[in-house]
Amino acid sequence: MPVPIDRDTTKPAGATLHARTGPVGSPARPISVSVTGGGGTGDPLRANLALMAPGTALRDGLERILRGRTGALIVLGYDKVVEGLCTGGFPLDVEFSATRVRELCKMDGAVVLSSDGTRIVRAAVHLMPDPTIPTEESGTRHRTAERVARQTGYPVISVSQSMRIISLYVNGQRHVLDDSAAILSRANQALATLERYKLRLDEVSGTLSALEIEDLVTVRDAVAVVQRLEMVRRIADEIAGYVVELGTDGRLLALQLDELMAGVDADRTLVIRDYLPTGRKPRTLDEALVELDLLSATELIDLVSVAKAIGYPAASDALEAAVSPRGFRLLAKVPRLPVAVVDRLVVHFGSLQRLLGATVEDLQTVEGVGDARARGVREGLSRLAEASILERYV
C-alpha cells in the first residue's frame, strides 16, 4: 500500500517493504527491504516505488500511457481530503487494470485509485489543490501533482506527454522513474563498490580478531571495523533501493546482495556491543546506531567522528588508547551457542581475555552452561584463537 504522510507533522510513517522479485508467472522469493532509518523515520518514496516497479500492473499501465504518447495524473489514495479537491469527472469503483487506466487517461482530468492500487475510484476529475502551496514545477500537470501530494499526503504520479517521463511525488520529493537498463547500470557499479568494501571489511575484521586474542586492541582498531561496517551497510542500502525499483528485473541483483550481506548486520551490532565505552553516562546500543546513521559521508571517513558516534572522546589521541572487547563477536562464532547463553557468559566474565582464560569448570558456573556446552565453548574459542593468529602471521 502507499505509505501516507502524517498530515499533522508532514513526517512519513515508518514501513517495512516486502518486494517480491522473480520471473513473471512463477513463484517469487520475497525479499524484505527495511525502509526505516536509524532515526526512526521511514522512507515512503521507496515503499511507493515498489508499486510502480517492472512487473506490476500499475507499471504496465504507465508504460502503455507513455507508448500512447498521452499524459496522465494519477492519485494513489482516496479519502475525504482527496474528495474535497475533486470536481467533475465520474465515480467508477472498478477493479484496476493496465488497459483500463490507459483508456481513462486519454480523457482530460486525473484518475484516482484506491490506497492499495487495486481499484479505480474516480476518473476524469479536475483537481483543485491549494494554490498557495509552494511548488518548483512549471507545467500545469506537474504543479498540480506536487501540490496534491503535499496537501493530501498521498503519492501522485504525473506522466509528461511532451518529455515522456514518469514522475512520482511523495513526501515533498520528486522522483523520475528510469528504465531498467539505466537502473541496472547504476546498480552494477554500486555492487562492484560493495564487493571492494566487503573485501576490505574482511581484512580489518580478521586483523581485529587477531589483536583481540593477543589483547592488543586500540580504539583505532575497533573503530576502523565499525567504520567499514557502516560503509558496507550504506552502499547495500542504496542497492536495496535499486532492487525495489527494478521489481522483477532485480531478482539476480537481490541474490547477489543477500550473499554479500550475509552476517554483516549482526557483526555491526556485535562489534558495537563489544566496544561500547562505559562511564557516568554510557551510550546505549540503539543510541550508537542512531549516531552512526546520522554521520555524513565526510564524517564517516574520519575515525575520530566515528569514535565519537559510539561514545569515545572526540580527540585523535583517544584512538590510541587500549581497549578490551567484551567477547560478544567471538562468542557468536561458536557453533550452537544460544544468544541468551552468550549474554550470560559476557556478564559473568566481563571481558574476552577472561573468557579465553576460563577453564571448563569456570564456564560451568554460568547458568545454562553444562559440561558439554562448556567444552564446546572452550574448544570453539581455542580454534578461533588459533585460526586468527595463523591468518594474521602466516
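Every residue, even glycine, has its Cβ placed from backbone N, Cα and C.
TrEMBL entries are annotated by machine, without manual review.
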- For which of the residue intervals 1-29, 30-58 does TrEMBL record region 'Disordered'? 1-29
- Further ATP ligand in TrEMBL, beside L127, T140, R141, H142, R143, T144, within candidate set G77, G109, G172: G109
- Ranked by how many other Cβ atoms lie within 10 Å of their Cβ, the binding-site residues T140, T144 are led by T144
- Task: Provide the three-state secondary structure of G109 (ATP binding site) computed with DSSP.
- Result: coil
- Same-chain shell around ATP excluding G109, L127, T140, R141, H142, R143, T144, C-beta within 8 angstroms of the CB centroid, reads L73, A110, G139, A145, V148, S158
